[in-house]
Structure formats: structure tokens, C-alpha cells
């Protein structure tokens, strides 16, 4: 995903969206590896999962004041409703925002 399609992919989405703000140089981001993709495969009917590289997409990164990676933000109806900073297990990525999904 890029700054250019953030609106279409996230803000205009019909499902809640989990955005992973990540960077190639970030060890915890690399540690997350396939976790968001696995989450997308398992929860795709109720949750959309996308990845945004902070280095190549500074507009969105700055707009949502992302300072640490990885940062996970849940968007619902075009608005950020939950932010989580740091690497997490797949289970925690589902449990922490459960009340807003």
C-alpha cells in the first residue's frame, strides 16, 4: 500500500482495517514477518490487513504521527480507533483491538 491509495484501501474500506506501519531496517518489524499476512488469511471476512512502509510513504506516516515501528493502527469507518506500538503475537493483534472490531 502507498500514500496514493491509502484513502481507497483504508479510509474508504467497508471492513475494519489493521494497518502495519513498518520499515525494512526495523528488526522488530522483520521479526513480525508473516504474522500480519497470517492474520489477514484467517480473519479476512471481518478484518482487512495492510502494510505501509514508513520510509517510502512519509505523508501517511506523518499524518498519523507514527514515530515507532512497528505500529499497528486499526481504522474503522475511516477513523483510527486503536494504536498499538511494538511487535506482538497474532493472538495479541486480535485481542487488543477486539472491542473496536
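Glycine too: its Cβ is placed from the backbone N, Cα and C atoms.
As annotated by TrEMBL, disulfide bond applies to 26-29. What TrEMBL records for 1-101 is domain 'Thioredoxin'.
Other Cβ atoms within 10 Å of the Cβ of residue 29 (disulfide bond), summed over all protein chains shown, number 20. Helix, strand and coil counts from DSSP across the domain 'Thioredoxin' (1-101) read 36 helix, 25 strand, 40 coil. The number of other CB atoms found within 10 A of the CB of residue 26 (disulfide bond), across every protein chain shown, is 17. Averaged across the domain 'Thioredoxin' (1-101), pLDDT for the predicted model comes to 95.
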